[in-house]
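For reference, the structure is listed below as structure tokens.
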Amino acid sequence: MRAYNFCAGPAALPLAVLEKAQQEMLDWHGKGLSIMEMSHRSADYVAVAEKAEADLRRLMNIPENYKVLFLQGGASLQFSAIPLNLLGKNSQADYIHTGIWSEKAYKEAQRYGDINIIDAATQIDGKFAIKPQHQWTLNSDAAYLHYVDNETIGGLQFDQIPDVNVPLVADFSSSILSAPLDVTQFGIIYAGAQKNIGPAGLTLVIVREDLLDQARSDIPSILKYSAQAKNDSMVNTPSTYAWYLSGLVFEWLLEQGGVDAIHQVNLEKAKLLYGYIDASEFYNNPVALPNRSLMNVPFTLLRTDLEKQFLQEAEANHLLNLAGHRSVGGMRASIYNAVPLEGIQALVGFMDDFAQRHG
Ligand SMILES: *Cc1c(COP(=O)(O)O)cnc(C)c1O
């Protein structure tokens, strides 16, 4: 039986996608081999890769003057690739710090440039929140401003896109495709695939063309956006299976009605879970309302001594991977696109039963 998987990443994938992949596994489209066994330069594979890009462009309404790159190394390698690609002419950059991932990003960038760190995490009435932009000290000479839209570990998300005069570079690893996004507001959007796109091993980079000529001369060519763009993300062998499977997820999303439609489902899921937690005396979410994540819902139990039991019983009820990140503890339910509303209903039902028995 398939369980409901609330893992933060690698995360749940749509059942229909896994079934399609299973069906195509041994003999892809009657060609007598698996897609994993195909040359990335073959016409068949190139068509799969191009279709995935075209579908993503449709889903996100990505304009022509943006390149879409399918790379490797995770979002973490982009923490280095971004400064290497953008700080060749001007070595100054602004980094907004709201949690663990944005901190990792600026620590890598500090190797390559003069980084202005804006500490934007704060608390409102004891709840975590993001400081409004008028409280940030920005550098108007920065080559770009970097931020993490959704801090996956803290469950802390921006409620608006920063409004600045320099190119915006944003890590959307755990929020891409969860809600409509105006791509034209950004210089670069990037995301590791394993949260809301597909399997691990693929990293998506959406980059505006005018940013392709600012790389440092010492950048490895694999990391260089202009080289990857020129070679259709095939400077070397790409992560072919993850790219193919992400393409199946994009097809699935289009079948669901696209990003607007899945966003409505996501809103309903989040409302159900946060609503239950807020009404309960037994559970607590530590984030202020405007900055609550649509995708990652951390929560604590009134009785922390019962955490282990909560996780064991949840697992016995086919509700998997609810432990919080090892650095913060507590619980966390990641409710990405592939987790259906029924999964949240089952989770809330279990949480309520557990609270009744122990509250
Ligand atoms: C998971 C995550 C990362 C790291 O991703 P890797 O692909 O493991 O490098 C970076 N940023 C955010 C926001 C994440 O959620």
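Every residue, even glycine, has its Cβ placed from backbone N, Cα and C.
Automatic, uncurated: that is what TrEMBL annotation is.
Binding of pyridoxal 5'-phosphate is attributed by TrEMBL to ALA75, SER76, TRP101, ASP171, GLN194, ASN236, THR237, and within the candidate set THR152, THR184 the record adds THR152 to that site. Filtering ARG41, THR152, ASN236 by Cβ distance to ligand 1 (under 6 A) retains the following binding-site residues: THR152. Cα-Cα distances to ARG41 (L-glutamate binding site) place THR237 within 10 Å, out of the binding-site residues SER76, TRP101, THR152, ASP171, THR237. Look at THR152 (pyridoxal 5'-phosphate binding site): DSSP puts it in coil. The local packing around LYS195 (N6-(pyridoxal phosphate)lysine), expressed as other Cβ atoms within 10 Å of its Cβ over all shown chains, amounts to 30. The Cβ of ASN236 (pyridoxal 5'-phosphate binding site) has 11 other Cβ atoms within 10 Å, all protein chains considered.
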